[in-house]
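Student: Pasting a structure here, questions to come.
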């Protein structure tokens, strides 16, 4: 789910913290990607005939096609992707997962009704609501990435939290995900639409966390409280408090505790046994991968093993897979050039008063570390 309405709130209150970029601007960057979010996007994608991609025995293979071609697109643009897979969900997420189960059950009823009435638009809509990323989907994608020579990490808990930890450690440049809670976990840079379909022609949205805090006038702890008020995966929210009121209250009172002391709780009741403190602590001190124990390496693809897996087992076209392997090999030759800014050290910093700061300048030091050869170990 992420954080309700956070992207719009940032666009309204801190537009200077968002940059639109072309994918080619990330040449030489190491980027941590929320794998589950990607796989979900690939699974709900439908072809022009309205059907998902399947093998002859009816097994869905949309996730493999998406992972293969989107990863190649990133490699061709000089990006060094590392996929981060979710571990066990935190206990605080159990209520949210229960709600999702209820919504899925309701979607099943609505789907059956739409099928009975022959309403194709509703059939498509409710079918997507039933999509769930399974262990098999994850295992398929991990095998594919290994054969492609692309590293992945298994997070101990939430993938976005481990992505953010890698960014904060200066190990990668950014977190790529569609969920905005990567910012709540403190990633310095968050990228949206990096793995979107090329056909959609969506520019990459680049959010800068420190600039967001500066422009909306909050500390990182206050930003977490704001996100809890907006609505997150780990607890409920105060009734009747929308985004505009939430940011006004945080600016005025500074914390959820002070807000509860000063609002009319008869009009704006908080949830019973509200676990906002636990949610805050989860954002502040999440269970994350130990970046000192991982060593990321990008290797040559194993072409024959890819043919065996993707063609013999999953029935993809051999010509297309071999062509993809050629593109990967070619991209490896080009990526050795590296980023120009990795050869220079930077002194001083840009003034915070600048209206439109150049993203490359304002993040150069972090980008420099993100572009250096890895000190990671591939998570297995």
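From the backbone N, Cα and C atoms, a Cβ is placed for every residue, glycine too.
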Student: Of 124, 233, 248, which one shares the Mg(2+) 2 site with 179, 181 in Swiss-Prot?
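Tutor: My reading of Swiss-Prot gives 233 as the candidate in that site.
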Student: Given that Swiss-Prot assigns 86, 158, 160 to the Mg(2+) 1 site, pick the one from 34, 139, 215 that the record assigns to that site as well.
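Tutor: As annotated by Swiss-Prot, 86, 158, 160 share the Mg(2+) 1 site with 34, chosen from 34, 139, 215.
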Student: Does DSSP give residue 34 (Mg(2+) 1 binding site) helix, strand or coil?
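Tutor: Looking at the DSSP assignment, residue 34 (Mg(2+) 1 binding site) belongs to a strand.
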Student: By CA-CA distance, flag whichever of 70, 231, 233 among the binding-site residues is nearest to residue 160 (Mg(2+) 1 binding site).
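Tutor: Nearest candidate: 233.
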Student: Quick one: which residues besides 34, 86, 158, 160 have a Cβ within 8 Å of the Mg(2+) 1 site's Cβ centroid, in sequence order?
Tutor: 36, 37, 84, 155, 159, 161, 162, 163, 177, 179
Student: Sort the binding-site residues 70, 231, 233 by C-alpha distance from residue 158 (Mg(2+) 1 binding site) and give me just the closest.
Tutor: 233
